C-alpha cells in the first residue's frame with residue numbers, strides 16, 4: 001500500500017487468527033452499573049481451556065468473529081466488546097464452568113427484548129468449541145429496564161380492576177383443549193365462572209381452527225362472562241387467546257376483545273415472539289386490557305440443565321416485554337419445577353428488588369425500580385389436595401389454575417369450581433388464623449369437606465393422584 005492510500009486502520013493491522021482470551025478474557029475488569037451481566041454455564045470441548053471458552057462466548061455474543069478484521073481499527077473495541085470477567089467451576093460437575101460476561105449498554109437497542117436476545121444468545125450457542133452452553137441468568141440494569149414499558153398494568157392495578165384482595169385468584173383451563181364447538185366451549189366457561197372461579201382460560205393451542213373460529217369463541221365466552229357476573233356479583237374473566245399467524249391478525253383479535261368489553265386477553269409469548277408480545281402489551285395498556293401470558297415451548301429452551309436458557313431469564317424478558325400473568329410451574333403438579341428455583345424466579349417476576357441468592361438460582365441482584373410486577377400462574381396437574389401447598393408456596397399474588405382439577409369433578413364443572421373455591425377460602429382463613437398450611441394442610445381440607453359436599457366429592461376422586469418424579473433442573477451445590 002502506498003503512503004498516499006495508507007489509513008489509520010491499516011497501521012499495525014496483522015491478519016490471522018488469535019486466541020479469544022487475549023482480547024475478551026479480562027479478569028481485572030470492574031463491572032459498571034450500566035452493564036448487562038450474564039451468567040453462562042459453559043461446557044468446553046476437550047482441550048479447550050475455560051478462559052478461552054468464556055472469552056469465546058463474550059466475543060461471539062458481542063463484537064468478535066473468528067479472525068482478526070481490519071475494520072476493528074475503525075471503532076473502539078474496548079468500548080463495545082463483551083468481557084468475560086470471572087470464571088468459576090461448577091461444584092460436582094466435571095469440565096463445567098459458570099462464566100460471567102459483561103456487555104456495554106450501547107450494544108443493545110432500547111426497549112427491544114428481541115435485539116437483546118439476538119445479541120446475547122442468537123449465534124453463540126452453535127459454537128463448535130463448546131460442547132454445551134446455557135444462559136443461567138441476566139442482570140438488567142435500571143438504565144436499560146427503564147426503556148421498557150413492562151407489564152400493561154401490574155399486580156395492584158389488576159386487583160383494583162377485579163376488586164379482589166387478600167387471596168390468590170382462581171382459574172381453569174377449558175378441556176378438552178381442542179374439539180369443542182364455540183357454544184359448548186362458552187357453556188363450560190359459564191359453569192366454571194358461576195361455580196366460583198375468577199377466570200377461565202383458552203389453552204395455548206386454541207387459536208382459530210375449523211371446529212371453533214376465534215370470533216365465535218370470543219362472542220360465546222363474553223356471553224358466559226356477563227351471565228356469570230350477573231349471577232354472582234363478582235367480576236369474571238376469560239383469557240381470550242389472541243395469538244395468531246401474523247401480528248396484524250393478533251391485533252385484530254385483541255381489538256375485537258376490547259370491543260366486547262372483556263377484561264383480559266392472552267398471548268403465547270415464545271411461539272408468538274417478543275416483537276409481537278411487546279406490541280400487544282402496549283395495546284393492552286393503552287386500552288385497559290389485562291394480558292395473560294402462556295409460556296408454550298419454554299421447556300424446549302429451558303429444561304436441560306447444561307444447554308439452553310433458564311426460565312428465570314425468560315421470566316425477566318417477559319416482565320420487560322410485557323404481561324400481567326405468566327405461567328410459572330406448580331412445584332407440586334405434573335410439570336417440571338423445583339421449589340427453590342421456582343420461588344427464585346417467582347420473586348423476580350413479582351418483586352421490585354431481588355437480592356442475589358445462589359441457593360435459589362439467582363445469580364445477580366436485580367433492581368426493577370418502578371416496573372410493575374407480573375402475577376405467577378400455577379397450572380398443570382393440580383387439584384384440591386394441592387391447595388394448602390399452593391397457597392403456602394405462591395402466596396396471595398398468584399393465580400391457581402385447575403383445568404382437569406375443575407372439569408374432572410364427578411358432578412360437573414360448576415361443582416368442580418365450587419370445590420376449588422371452598423378449598424381456597426378454607427386455606428386462606430386457616431393461614432390468616434396462624435395455622436401451618438404445610439403441616440396441617442390435609443386436616444384443613446378434610447374439615448372444609450364437612451361443609452361442602454362438592455369438595456368432599458373432589459377429595460375422594462383425587463385422593464391418590466400424585467406426580468412424584470425428581471426434577472431435571474436443580475440448584476447447584478454452592
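Just so it is clear, glycine is given a Cβ too, placed from its N, Cα and C backbone atoms.
What Swiss-Prot says about this one:
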| type | residues | note |
| --- | --- | --- |
| ACT_SITE | 175 | active site, proton acceptor |
| ACT_SITE | 294 | active site, proton acceptor |
| BINDING | 123, 173, 177, 295, 327, 379 | substrate binding site |
| BINDING | 201, 203, 204 | Mg(2+) binding site |
| MOD_RES | 3 | N-acetylproline |
| MOD_RES | 14 | N6,N6,N6-trimethyllysine |
| MOD_RES | 201 | N6-carboxylysine |
| SITE | 334 | site 'Transition state stabilizer' |
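Listed in sequence order, the binding-site residues near residue 201 (Mg(2+) binding site) (C-alpha within 10 Å of its C-alpha) are 173, out of 123, 173, 295, 327, 379. Mapped onto three states, the DSSP output places residue 294 (active site, proton acceptor) in strand. In the three-state DSSP assignment, the secondary structure recorded for residue 175 (active site, proton acceptor) is coil.
Within 8 A of the CB centroid of the Mg(2+) site residues 201, 203, 204, the other residues of that chain are 173, 174, 177, 202, 205, 206, 239, 241, 266, 294. Take the Cα of residue 295 (substrate binding site) and measure to each of the recorded positions 175, 203, 204: the nearest one is 204. A gap of 28 Å separates the Cα atoms of residue 123 (substrate binding site) and residue 204 (Mg(2+) binding site). For the binding-site residues given as 123, 173, 379, the lowest number of other CB atoms within 10 Å of the residue's CB is seen at 123. For residue 177 (substrate binding site), other Cβ atoms within 10 Å of its Cβ number 14. When the recorded positions 203, 204, 294, 327, 379 are screened for a C-alpha within 10 angstroms of the C-alpha of residue 175 (active site, proton acceptor), the residues that qualify, in sequence order, are 203. Here the binding residues for substrate are 123, 173, 177, 295, 327, 379. Their largest Cα to Cα distance works out to 36 Å. A 10 Å cutoff on Cβ-Cβ distances gives residue 204 (Mg(2+) binding site) a total of 20 other Cβ atoms nearby, all chains included.
Across the structure, residue 379 (substrate binding site) and residue 294 (active site, proton acceptor) are spaced 10 Å apart at their Cα atoms. Using a 10 Å Cα-Cα cut-off around residue 294 (active site, proton acceptor), the binding-site residues 173, 177, 203, 204 reduce to 203, 204. When each of the recorded positions 175, 201, 294, 295, 327 is scored by how many other Cβ atoms sit within 10 Å of its Cβ, 175 comes out lowest.
Contacts of residue 203 (Mg(2+) binding site) defined by a Cβ separation under 8 A and a same-chain sequence distance of 6+ are given as 173, 174, 175, 177, 178, 241, 403, in order along the sequence. For the pair residue 204 (Mg(2+) binding site) and residue 327 (substrate binding site), the C-alpha distance works out to 11 angstrom.
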